[in-house]
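Below: one structure, written as structure tokens.
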Amino acid sequence: MKTSMFLTLTGLVLLFVVCYASESEEKEFPKELLSSIFAADSDFKVEERGCLGDKCDYNNGCCSGYVCSRTWKWCVLAGPWCR
């Protein structure tokens with residue numbers, strides 16, 4: 001009787017430890033995933049914003065997808081409002 005209770009208690013403790021370890025690994029995975037996404041996202045934003053807001057004139061063009069604003073003389077997104 002004492003042996004079966006001891007084995008049951010040991011099994012429950014072992015189950016608790018395994019569940020806790022796997023849960024802590026699962027918590028680390030989203031953090032690593034989000035940090036890698038934001039690292040890649042920040043690299044993309046640097047490239048995307050490379051021309052947005054840069055000073056320009058009609059001789060010195062902007063990046064593709066941007067046009068030189070006639071009013072403010074900086075690069076803005078191309079659209080019907082920029083004509």
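Cβ atoms are placed via backbone N, Cα and C, with glycine included.
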Swiss-Prot annotation, disulfide partner among CYS51, CYS56, CYS75 for CYS63
CYS51
Among CYS68, CYS82, Swiss-Prot lists the disulphide partner of CYS56 as CYS68
Tell me which residues of the chain lie with their Cβ under 8 angstroms from that of CYS75 (disulfide bond), as long as they are six or more apart in sequence?
CYS51, LEU52, GLY53, ASP54, CYS56, CYS62, CYS63, TYR66, VAL67, CYS68, SER69
Just to verify: the residue among CYS51, CYS56, CYS62, CYS63, CYS68 with the fewest other Cβ atoms within 10 Å, which of the disulfide-bonded residues is it?
CYS63
